[in-house]
Amino acid sequence: KRLPQAIIIGVKKGGTRALLEFLRVHPDVRAVGAEPHFFDRNYERGLAWYRDLMPRTLEGQITMEKTPSYFVTKEAPARISSMAKGTKLIVVVRDPVTRAISDYTQTLSKKPDIPTFESLTFKNRTTGLIDTSWSAIQIGIYAKHLENWLLHFPIGQILFVSGERLISDPAGELGRVQDFLGLKRIITDKHFYFNKTKGFPCLKKAEGRSKPHCLGKTKGRTHPDIDQEVVQRLRDFYRPFNMKFYQMTGQDFGWD
């Protein structure tokens, strides 16, 4: 058992589960199924506890884990860096507006009596002041969170995966991920088929299964209808942060 050489650090509702499931098809990737939450919630348990959660690997295999809340955790970059400066980091990002709605939809499925998306979005509806303390909004200010990581890691050690392209061209995005991890490009088009009912790609054969595998029923939930004016307000709010994020990463994600 080894400490992970690569970690999917974010973001919540970006497509991290899909990416991990797709990557696990690769014979040289071994990953923890559950989210360890070591660098945010369980750090005091120590590295030996963390290592023990990891799967056994052979020489040449990569150990991985994913915990999407790391990306927004202040202490996580320093903690990961002190474990191993060379750790490769992967961030799956998607349009922050749809990400926020997806985040809200997930909470709604667990707590049906929460306030409306619209009322949680604004500090003051009349002035249109966005409530940035609400985590669903906060997480999508990617540029701000990334600044914290760049204090500890060079930008070249972080791969930014497009959550949108993970759906429209899974093999293409996985090609980039495999290159980044120094793996042979084994996962290709032939591993995927598009599930029209779910609206996203599924694996023809998943790790340890002989039949096709789609992500569980909690993925691809139908989003509630959100007032278009609120959506527009959020687009305007995120635009400058998105532009800064494109500059920082050298990638235009096409959200605007």
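Yeah, the Cβs are placed from backbone N, Cα and C, and that goes for glycine too.
Pulled from TrEMBL:
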- 4-239: domain 'Sulfotransferase' (DOMAIN)
- Lys13, Gly14, Gly15, Thr16, Arg17, Arg94, Ser102, Lys219, Gly220, Arg221, Thr222, His223: 3'-phosphoadenylyl sulfate binding site (BINDING)
- Lys13: active site, for sulfotransferase activity (ACT_SITE)
- Cys202-Cys214: disulfide bond (DISULFID)
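Cβ contacts within 10 Å of Lys13 (3'-phosphoadenylyl sulfate binding site), excluding its own Cβ and spanning all protein chains shown: 24. Around Arg17 (3'-phosphoadenylyl sulfate binding site), a 10 Å sphere centred on its CB holds 19 further CB atoms from the protein chains shown. Remark: Gly15 (3'-phosphoadenylyl sulfate binding site) has Val92, Arg94, Val161, Gly163, Leu166, Ile167 as non-local neighbours, by Cβ distance under 8 Å and separation of at least 6 in sequence. Cα distances from Cys202 (disulfide bond) to the binding-site residues Lys13, Arg17, Ser102, Thr222 are smallest for Arg17. Proximity of Thr222 (3'-phosphoadenylyl sulfate binding site) to non-local residues of its own chain (separation of 6 or more, Cβ distance below 8 Å) is seen for Thr105, given in sequence order.
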